[in-house]
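Structure first, commentary second.
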């Protein structure tokens, strides 16, 4: 037993997670009714979601209160990269539709009581109202736009505080970070539970009914992750981007895939940024901001499902209209965190461009919920891993350096 524990401690976290995935897969097939195993996954995700808002709040306040005048944070570059990548992903999804046009069987209404927004203006109105939420309520409800807003305000206000007060805030941030590390070390057990739940509840039958749709969605996201994002990174860094890209996918994308929550993956991304030696003043803000607005995966989902509906109804779409759809999808995706139901509930906004009725659009949303187990996992993995990628790329960029 001692030898086993010693070997386990020396094993890297990714290898431990891989072992957890394999065990969860077999347990889901062999003992699908052992629901207690799934509880481990719920506890893990719950722990990450519980600590993440406090982590963001304390880190941002601490970083801003001790920020040096004239210090460079690269935030404008990072936001530019977030927007560029989201639009590029939306455009790639349009191109994929021309190569692999999909059609859907629209006969089952969406199994959801959620109502889609009436337009982009409603999406951003909701987002703006969430920003000025009560800070205590924002932390308890994991409203990251509001958490960031108030953390920035408090951080700037604390710049004039004495050093002892700033050190106390830093100690609180360090203690929160330590709790996060303890929770992340439980990832192999938690992910084992998540894999078990996914396999025992959904099985693999979903692949047969919606295999082509899943293949196109996942394939497009992989293309963006392994081709488009590396091209953007190369343009910025002027060196081989793949070691960084693959590191982000391995250390951030894998956990995001199983937690299916950008918010829950914030602590994982913070730790990865620390391991990469990035500037804490920058990543303490860019990572939670990315979790809210960096939505390349959402843009892909919106465009592919919307254009599949267009193809199903026999509507002809010229490229200028498809380009406009890319703009709408990119803008809508950036506001996905302000909509209950995320990217799927923004599909009716995009469908409205083509005069598709809300009834039909909600049937498309229903198809999205059916493939959501795989779609949402891949979407979150792409979104969350690129938060770290573009934070690192901005810091390593050749532009602006003498």
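Placement of Cβ uses the backbone N, Cα and C atoms for every residue, glycine included.
Database features, via Swiss-Prot:
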type: TRANSMEM; residues: 19-39; note: transmembrane segment
type: TRANSMEM; residues: 43-63; note: transmembrane segment
type: TRANSMEM; residues: 86-106; note: transmembrane segment
type: TRANSMEM; residues: 138-158; note: transmembrane segment
type: TRANSMEM; residues: 179-199; note: transmembrane segment
type: TRANSMEM; residues: 212-232; note: transmembrane segment
type: TRANSMEM; residues: 287-307; note: transmembrane segment
type: TRANSMEM; residues: 327-347; note: transmembrane segment
type: TRANSMEM; residues: 354-374; note: transmembrane segment
| Are there 3 or more C-beta pairs under 8 Å linking the transmembrane segment (287-307) with the transmembrane segment (86-106), counting only pairs at least 6 apart in sequence? | yes
| Can you name the far-off residues of the same chain, 6+ from the ends of the transmembrane segment (43-63), with a Cβ under 8 Å from a Cβ of it? | 138-140, 142, 144, 147-148, 150-152, 154-155, 158, 166, 169-170, 172-173, 176-177, 179-180, 183-184, 186-187, 189-191, 193-194, 259, 261, 263-268, 270, 280-281, 284-285, 287-288
| Highest-contact recorded stretch vs the transmembrane segment (179-199), from 19-39, 138-158, 212-232, CB pairs under 8 Å | 19-39
| Hey, which bits of the same chain come close to the transmembrane segment (19-39), Cβ under 8 Å, at least six residues off its ends? | 187-200, 258
